[in-house]
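Before any comments, here is the structure.
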Amino acid sequence: KQLVKVGQSISLQVNISGIPNPTVQWAQNGSVIEKSPKISIETTDVFSMLTVKNASLEDTGVYSITAENVVGKAQAEFDVAIRDKPGKPNNLQVIQVMKESVVLSWQPPTNTGGSEIIGYTIEKRDAKRNTWAPVANVDSETTTYAVQKLIEGNEYFFRVSAKNDMGTGEPAEIDRGTVAKCPYDVPGAPRNLQPTEVNKSSVTLTWEVPDQDGGSPVTGYIVERRQTTATRWTKAHKQTLTETVFTATDLIEMSEYEFRVAAENAAGIGKPCEPIGPILTKSPYDVPDAPAKPQITDVTKDTATLTWTPPEKDGGSPVFNYVIEYKPVRASKWISASHNITVANTTFTVKDLTEGMEYEFRVLAENKAGLSKPSAPSSVIVREPVSGEAPSVLEGLPDISVLLGEDATMECQISGKPEPSVTWSKDSHRIDASKKYEMSQDEISVLLTIRDVSEKDSGSYTLEASNDLGSVSTSGQLDVQAKPELEFDNKFRDVITLNTGTSLRIPVTYKGLPKPTITWGKDEKPLKAGGSVTLDTKDTLTTLQVKKVTRADDGLYFITAENEAGKAKATFDVEVIDVPDQPEGPIK
């Protein structure tokens, strides 16, 4: 076999003889060869020479010469192979992009140059540079390759060249640059982060998976915490979190913390959710409320018997003990009368008192969280019993409600001999007669009038009546109410004209005591959130929003605010306009 490179000449010379002189004919692959500018045939009496200039791959084949005269013929053949560098590989493409690598794929070239492909050369070029850098040389069986050690965010170009025994051919190049980046997005923020259990040194949190995982499954979560006095967030765990529940430990008791959670996938860590908090690390129980002011039910020359009612709230843990304290009225230090004694009942006798001295007594309630605040004190002079009647409540203070700015009168009926002296208090704080508080008392009726009530006058009012034989108290609740009011921008008082596809948003500020119930509606029917309609009501602001309005959203919207004191209503005339429909034919 004769090997010839593309561009070179093919020269075949054959000696011939015969009598008479034979005729000579050349052929390629059985087809007769004719002379042309590229092909020359020179024949003499003794030889014939075929020359093919500037050989190409098409000139490969079996060349034959036939010499023939009347006596016979002779034939010879020559196997000629034209060789060239291979052509460009086919279908070069990027099949995977990561933040530090790109995977290329290609197919062998259609034009192999007449010989087997022995390998491929892979090159890359940074878009910021003009020079190509070698990446790798691979064998002929490899038609995919992962280009490694790329810089995330940089743009690259790639090309691949095929090689045979004649050399390296022209490269196939991807015209468009490829940016090295992760093919996924980071996940969205976790949802509905909630504390489910709080103790004095730990907080248990739960949350829901993000709405969007960025195209790659969430592989874990990062919980961060910070004290409200700090600015820097710190990771709350060392181990990988794959579940949507976590208990943060080693917290400082009675400190306030904030928490947030972020999700992680193959692309990285997403944005954290909105923080929750502050969360106060404390016992799951609160200390109980203070017991009611103790009543002195019996007095001797050296003892005093007390009774009281349990606290209204036990703090979530039952009261298992009461601590009774006393002191002389003029002293400052309280003395425990129940030291080393568990008092489970609501009565106790204080002993070893000094006759003729006036004492004060108070009670504290105890549960698993600790001691409550002390009750209001009761006082009595320790002496032999005197005749008469201890104060009693004939008719207690009622619970009343009044409108803001009006006067409120609290009235009760008290009996006792000698006539009891009375004191008034609000939320355990004593109040005295003034322009604000007008106090009066006759034989059995006791009145307190509160002028021009305001919101801060709401609360529990207590009357305490006492004489030498004891004391009694009664309490009533005053609730100050105010009719609802609605406030909004004056521009909403006119017709609100919107084009289809735009959004309607009406914010309204409201107030009232107690807090009003807000209702939105349209065309005299209640309006519910859903679809394009969003209703957002916070402490003092409520907002109606309709996204991408259509003609169906045209109408009369209304809002009502209602509480026990009254009702307020406002309406909003919304007109939605659109381009007219296409006229109907035919044209006359």
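Including glycine, each Cβ sits where the backbone N, Cα and C put it.
These features come from TrEMBL:
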- 1-81: domain 'Ig-like' (DOMAIN)
- 88-182: domain 'Fibronectin type-III' (DOMAIN)
- 189-284: domain 'Fibronectin type-III' (DOMAIN)
- 290-385: domain 'Fibronectin type-III' (DOMAIN)
- 391-479: domain 'Ig-like' (DOMAIN)
- 484-575: domain 'Ig-like' (DOMAIN)
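The domain 'Fibronectin type-III' (88-182) scores a mean pLDDT of 93 in the predicted structure. The domain 'Fibronectin type-III' (88-182): residue composition by secondary structure is 0 helix, 49 strand, 46 coil, according to DSSP. For the domain 'Ig-like' (1-81), the number of residues in each DSSP class (helix H, G, I; strand E, B; coil) is 3 helix, 46 strand, 32 coil.
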